[in-house]
Amino acid sequence: MSYLGVGFSPGTVLAYHSTNLKLFDKRIKIAELVLRFMILGLGVVVAVLIRTDSQVKVFFSFEKEAKFTDVKALVFLVVANGLAAGYSLIQGLRCVVSLVRESVLFNKPLAWAIFSVDQVWC
């Protein structure tokens with residue numbers, strides 16, 4: 001019972017009860033695959049946009065062109081986006097392999113490693 005007078009029963013929690021777990025598992029794998037490749041695409045787009053962007057500023061009669069290499073934070077951002085895109089590509093290929101083989105994961109330590117690296121990237 002909460003202090004507001006509204007009770008909560010564990011019996012009212014929604015749960016997924018289905019006999020077709022293979023279909024549910026396949027949908028989860030497809031959703032993961034789509035999200036991984038969206039991250040890959042967005043990471044590549046951001047890295048390319050920052051890499052190719054420049055700005056010209058005229059100060060009196062001098063022209064100075066600013067590039068992403070002039071700011072260390074932007075260099076780090078391009079490298080980090082490239083690494084995230086590469087990791088998403090590797091994980092997306094792993095998702096494709098697991099969909100073709102119809103297996104969940106290779107082993108438990110690999111699952112923990114993937115989970116840990118996913119948490120670090122976020």
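Each Cβ is built from the backbone N, Cα and C atoms, and glycine gets one as well.
Predicted automatically and left uncurated, TrEMBL annotations should be read as such.
Look at TrEMBL and you will find 26-121 tagged as domain 'Casparian strip membrane protein'.
Remote same-chain residues near the transmembrane segment (33-50) are listed as 68, 74, 77-78, 81-82, 84-85, 88-89, 91-92, 95-96, 99 (criterion: CB distance under 8 Å, separation of at least six residues from the stretch ends). TrEMBL lists 33-50 (among others) with the feature transmembrane segment.
Summarising the annotation, TrEMBL assigns transmembrane segment to 71-90 (among others).
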Counting only residues 6+ away from its ends, which parts of the chain sit with a Cβ under 8 Å from the transmembrane segment (71-90)? 36-37, 39-40, 43-44, 46-47, 50-51, 117, 121
